[in-house]
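Following: one structure in structure tokens, then a few remarks.
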Amino acid sequence: MGDQFKAQEALVRLDKVGVYRDGKWLVRGVSFDVHPKEIVTLIGPNGSGKSTSVKTALGVVQPTEGRVTRRPDLQVGYVPQKFTLDWTLPLPVKRMMNLTKKHRHAEIERALDLVGILHLKSANMQSLSGGETQRALLARALLMQPDLLVLDEPVQGVDFAGEIALYELIKTIRDETGCGILLISHDLHVVMAQTDTVICLNGHVCCRGTPKLVAESDEYKRLFGARAAQSLAVYQHDHDHTHLPDGRVMHADGTIHGHCEHVHETSHEKEHH
Amino acid sequence: MGIFDDFFMRALIGGIGFALVTGPLGCFIVWRRMAYFGDTMAHSALLGVALSFVFNLNLMVGVIAVALMVSFALMILEKRQSLSADALLGILSHSTLALGLVIVSLMTSVRIDLMALLFGDILAVTTADIQMVYGLGAVVLGILIWFWRPLIAATVNVELAQAENMKPQRTRFILMVLLALLIAIAMKIVGILLITALLIIPAATARRFAATPEIMAVLASILGVVAVIGGLYGSLYYDTPSGPSIVVAALVIFLISLVPKNLFGPKNKVAEAPHD
């Protein structure tokens, strides 16, 4: 799994990226790439540097060390994690769709219909619920016809049924447009079944692999039911090492290394360094 | 006799040109919560005037240069995070004003009409001033329209704008330059102490009636023009200072806009609020 993408040029590539802010490393030694048609999901606990890694990939955050390479003329569609808008700025949903680029009216209606909020096209962005805001942001990102769709916790504030529908939609978008998708999962354990590569972050890349095997596990089906297993997958792993304050890693056997990237049981990739 | 021969007509024309520019720019000041920032840049204009005399520079050039230097100083100081942004603004705002006043008082060779600088002297506007207001005003509006989409995008969400290549760091710079230009224009019209009022009050009034950022910007311009006309006729009628009268007129419009739409109740159709 994953090798099918490697033939094509990466849309974005992070090479040993580190971000140092306010006296500490937010992330360090993060390497991954996103290829066309590939869905890459970042998981990890709060403060593990998921958002920082994504923002570095987008060029919103400048890396302190390492290198970020984006394909020239890369069109990005970005769904940020937080969207707060000052009340003083009147912004109907349909105007929000034209935020960074003007689109045709029919296209806007189609995108809003696709995410299920066509009826809210004249509503103010400030009046939307969390889930509606996410859908509006997704519709806007889709209108950009992106090569790379980046979603920072796209299902936050969306109920479970909506969550599955949204993941289905993301899959459809990938299948139809062939864009690469980089998404952050709000849940450490739940990722899309269609994810090609799961990357677990904890200040650095802990492990990476496909979620496929886990999705078929009995434990997962017991937790979420067979229906959900078609859309969702659990990617579980044990942390067999401890992170030291200086960024080095102590393994279960007591050895200390500069990094801890290792191959997970479910991984078909050979990522040993 | 042309309309430019009458001092009152010149004041009206100059004031209207100024109000047209403050509308959209004022909206950005309100949306981005830059009111105190605008105030600080405006106050630094007095230091700009004083330094223009000391170094024998063109007044406009001195004012624009000092306003820009103050805003850059703010950006650098903010990055160091030694003091909060509003404390820094407070320091720069009042110290530039005080420095300007001290330098002006030290200059015995030139006489400067301090009241005109602080509160404007719109009735003394010349035909050349009007040309300057409309020339620079057109430049400011032109830049605003040209960069409208990236400016709005960066105001709505900086990270989104950055990710989709809208260069949001450029927009703050553009707004600073436009603000400096506007302050240079505004000195003659309402004076440096009242510039921010004409930036913020029409924009705040427009908010209640605007459905999109574009409507709000246009509406703010129109309300600014109404305030200028009302204020100038008011100052003529009551013999009050013209600059402050314009601000008072803007305030009156703002207060009227606060009246609830259904104040007179549905049973009294005759007295329905005029706006809606």
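All positions are counted from 1 along the displayed chain.
Heads up, the Cβ atoms here are built off N, Cα and C, so glycines get one too.
Here's what TrEMBL has on this protein:
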TRANSMEM  B:12-32  transmembrane segment
TRANSMEM  B:44-77  transmembrane segment
TRANSMEM  B:97-120  transmembrane segment
TRANSMEM  B:132-153  transmembrane segment
TRANSMEM  B:173-203  transmembrane segment
TRANSMEM  B:215-236  transmembrane segment
TRANSMEM  B:242-259  transmembrane segment
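Counted as Cβ pairs under 8 Å, contacts with the transmembrane segment (B:44-77) are highest for B:173-203 among B:12-32, B:173-203, B:215-236, B:242-259. Across the candidate stretches B:12-32, B:173-203, B:215-236, B:242-259, the maximum count of CB pairs under 8 A to the transmembrane segment (B:97-120) is reached by B:173-203. Put simply, of B:12-32, B:215-236, B:242-259, the stretch with the most CB pairs closer than 8 A to the transmembrane segment (B:173-203) is B:12-32.
Tertiary proximity for the transmembrane segment (B:215-236) is limited to same-chain residues at least six positions away from its ends with a CB under 8 Å from its CB atoms, namely 8, 11-12, 15-16, 18-24, 26-27, 122, 198, 201-203, 205-207, 209, 242, 245-250, 252-253.
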